[in-house]
Amino acid sequence: MPVLGPERRLLASLSSAPPAAPRLGLAANQTNQTGPQCLEVSIPDGLFLSLGLVSLVENVLVVAAIAKNRNLHSPMYYFVCCLAVSDLLVSVSNMLETAVLLLLETGALAAQAAVVQQLDNVMDVLICGSMVSSLCFLGAIAVDRYVSIFYALRYHSIVTLPRAGRAIAAIWAGSVLSSTLFIAYYHHTAVLLGLVSFFVAMLALMAVLYVHMLARACQHGRHIARLHKTQHPTRQGCGLKGAATLTILLGVFLLCWAPFFLHLSLVVLCPQHPTCGCVFKNVNLFLALVICNSIVDPLIYAFRSQELRKTLQEVLQCSW
């Protein structure tokens, strides 16, 4: 991969357009008088580091709590733990890249171009691999919850620790392999289309499973209401609460991940179009949203567990 400027090199290298001028602020881009005016959102390096630090602390606490409490040593929480590790790697890799870029810009770090390029490739593999694994574990959690609801009596015979372990190992191995291939062949259209297709598949999987789970929950609520001769308020409460939960799950997923994969799609569809170039200039914003997803994931998938919150409180008390 080429050694690019102070912009995020992984994302900038995906664009066929020249990299955007760094940190231009929330203003119309005037670099091309004949092209469209572009709204470019500046993401300061300090904000990148702050978001990464918050995500790092949150996900380390999740991993520590699951490791400490033996009651949490189950396939469901192992998937949550692996999601936390993936999100942790997303944050750490972006923090390291930001720190290295700052050191190179200020001249505090002197390195040969070949060394910087190798470091760039390693960081890009780490970033891409952690993103792929994060998406995979989000899908795995959805599948695990689906099985626990629709096959409740057989859940412990279907989702066993050995099977969960093999699934986790396969996800990590596949993430490392796919990210390595992506960095090596990032200029091939098929690679970008494969990544976009992977995101669409994960989105479709999560949407279908969670919508089906919502329908089953509402059906169960109506059955309970009939047994107790309850009228419409219970049914409406089930629908509203379930719809709110579904909106949070899929809304956060779309908000944080869709802009990044929209960027990849536009790289394939219109790499030289001026309007698409305006999207390319906001790659730092898209990456910041991915880091925000690493902050929100523990709140959705981990901290809602009373057992995990109790263990987390014990961990924090021991640390003091």
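Cβ from N, Cα, C; glycine included.
Feature annotations, reproduced from TrEMBL:
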- 58-301: domain 'G-protein coupled receptors family 1 profile' (DOMAIN)
- 46-66: transmembrane segment (TRANSMEM)
- 78-102: transmembrane segment (TRANSMEM)
- 122-143: transmembrane segment (TRANSMEM)
- 164-186: transmembrane segment (TRANSMEM)
- 192-217: transmembrane segment (TRANSMEM)
- 238-262: transmembrane segment (TRANSMEM)
- 282-303: transmembrane segment (TRANSMEM)
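Under the criterion of 3 or more C-beta pairs below 8 Å, with sequence separation of 6 or more, the transmembrane segment (122-143) and the transmembrane segment (46-66) do not qualify as touching, having fewer than 3 such pairs. Between the transmembrane segment (282-303) and the listed ranges 46-66, 164-186, 192-217, the one holding the most Cβ pairs under 8 Å is 46-66.
Away from its own ends, the transmembrane segment (164-186) comes close to residues 1, 10, 13-14, 75, 78-79, 82, 121, 124-126, 128-130, 132-133, 136-137, 140, 192, 195 of its chain (Cβ-Cβ under 8 Å, at least six residues beyond either end). In the predicted model, the domain 'G-protein coupled receptors family 1 profile' (58-301) shows an average pLDDT of 85.
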